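Student: Pulled these from Swiss-Prot:
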- 321-333: compositional bias 'Acidic residues' (COMPBIAS)
- C32-C55: disulfide bond (DISULFID)
- C42-C88: disulfide bond (DISULFID)
- C95-C106: disulfide bond (DISULFID)
- C100-C116: disulfide bond (DISULFID)
- C118-C150: disulfide bond (DISULFID)
- C122-C143: disulfide bond (DISULFID)
- C173-C189: disulfide bond (DISULFID)
- C192-C225: disulfide bond (DISULFID)
- C207-C239: disulfide bond (DISULFID)
- C250-C267: disulfide bond (DISULFID)
- C270-C302: disulfide bond (DISULFID)
- C274-C295: disulfide bond (DISULFID)
- 30-103: domain 'TB' (DOMAIN)
- 94-117: domain 'Follistatin-like 1' (DOMAIN)
- 112-166: domain 'Kazal-like 1' (DOMAIN)
- 244-268: domain 'Follistatin-like 3' (DOMAIN)
- N124: N-linked glycosylation site (CARBOHYD)
- N288: N-linked glycosylation site (CARBOHYD)
- 314-344: region 'Disordered' (REGION)
- 1-29: signal peptide (SIGNAL)
Amino acid sequence: MVRPRHQPGGLCLLLLLLCQFMEDRSAQAGNCWLRQAKNGRCQVLYKTELSKEECCSTGRLSTSWTEEDVNDNTLFKWMIFNGGAPNCIPCKETCDNVDCGPGKKCRMNKKNKPRCVCAPDCSNITWKGPVCGLDGKTYRNECALLKARCKEQPELEVQYQGKCKKTCRDVNCPGSSTCVVDQTNNAYCVTCNRICPEPTSSEQYLCGNDGVTYSSACHLRKATCLLGRSIGLAYEGKCIKAKSCEDIQCTGGKKCLWDFKVGRGRCSLCDELCPDSKSEEPVCASDNATYASECAMKEAACSSGVLLEVKHSGSCNSISEDTEEEEEDEDQDYSFPISSILEW
């Protein structure tokens, strides 16, 4: 009986496949992380069983990789108790081929590590003077505003050229936007939709702080822009001839505050907690009393049930540069926070 002979080629092929499997397994044994912390450890696990090449192909500057093939329990301990994974290898050691995105550039820091920093392109900016931002703050120029937007305020835009003002007198709003003065006498540029559709439901009616019923929020916005000052919302529904706050039903957790100056009620939020901060600016209220902040004034109004409004920033003993204009407009001061305009 003749026994079959094993072919040496088959054994070599088997060994070759086994080596290939072990090589692939070794290449995929690492873990990919989204950043390397200051303590040198990898944090925020992105994906397991990735090679360094696969992990670093994402192009992110902060992406890092660890070689150890560990179980889920070890990964959990690293992330929760140890401040991250040890033996962290950053994907990028230099700024070569690093894409930080628009408005940013890669630069080596003091520790000789690549970092994305804000570096907006300001070469095409023609206006070199100060600008007023959407946050109501004055920036020394548009480039400084762009840097602030890059760092922490992605929605920040230029409202108008020049310093932020207290009146609309010298404000030139861009495009079709209109200047409106808010409750604290700060000028804002607001874009309004002048074409308002007819209301489809009686629930759309709104009563303005001027005692006028508006068909919808759009109609109230339009009237605000035409007036040039904030009208504000008194309460939802048609205006009624109320004798007191007992006749007015407020919704959304609001409380009725009575305005003795015009003999009307207004629904206001009264659940705001005032922060214990010395950085708040005092305000002079319509009762000629000085409050530590606008929030403190609102708190006093909610406690008494009587509407209080800001006459001007600062103490009532201080002289406002716009006193004359405020006195001229006193009879038509239907001011309201700018946030109420932008919400609609």
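Numbering starts at 1 and runs along the chain as displayed.
Keep in mind that glycine also has a Cβ here, set from the backbone N, Cα and C atoms.
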Student: Give residue numbers and ranges for long-range contacts of the domain 'Follistatin-like 1' (94-117): same chain, 6 or more residues beyond its ends, CB-CB under 8 A.
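Tutor: Here the qualifying positions are 59, 61, 146, 149-150.
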Student: What residue among the disulfide-bonded residues C122, C295 has the most other CB atoms lying within 10 A of its CB?
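Tutor: Within the set of disulfide-bonded residues, the most crowded position is C295.
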Student: In the same chain, which residue numbers or ranges, 6 or more beyond the ends of the domain 'Follistatin-like 3' (244-268), come under 8 angstroms Cβ to Cβ?
Tutor: 209, 211, 232-236, 286, 298, 301-302, 305-308
Student: Could you pull the average pLDDT for the domain 'Follistatin-like 1' (94-117)?
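Tutor: Mean pLDDT for the domain 'Follistatin-like 1' (94-117): 84.
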Student: Ranked by the number of other Cβ atoms within 10 Å of their own Cβ, which of the disulfide-bonded residues C42, C55, C88, C143, C274 ranks first?
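Tutor: Compared across C42, C55, C88, C143, C274, the most Cβ atoms within 10 Å surround C42.
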Student: Could you count the residues of the domain 'TB' (30-103) that DSSP puts in helix, in strand and in coil?
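Tutor: Split into helix, strand and coil, the domain 'TB' (30-103) gives 14 helix, 19 strand, 41 coil.
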Student: Could you check which of these recorded positions, C118, N124, N288, sit within 10 Å of C192 (disulfide bond), going Cα to Cα?
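Tutor: If one measures from the Cα of C192 (disulfide bond), no recorded positions come within 10 Å, so the answer is none.
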Student: To the nearest whole angstrom, state the Cα distance for the pair C239 (disulfide bond) and C302 (disulfide bond).
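Tutor: Just about 22 Å between their Cα atoms.
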Student: How big is the Cα-to-Cα gap, in Å, between C116 (disulfide bond) and C207 (disulfide bond)?
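Tutor: Cα-Cα distance, C116 (disulfide bond) to C207 (disulfide bond): 50 Å.
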Student: Check the Cα-Cα distances from C88 (disulfide bond) to the disulfide-bonded residues C100, C118, C143, C207, C274 and tell me which is shortest.
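Tutor: So, spelling it out, the nearest of the disulfide-bonded residues is C100.
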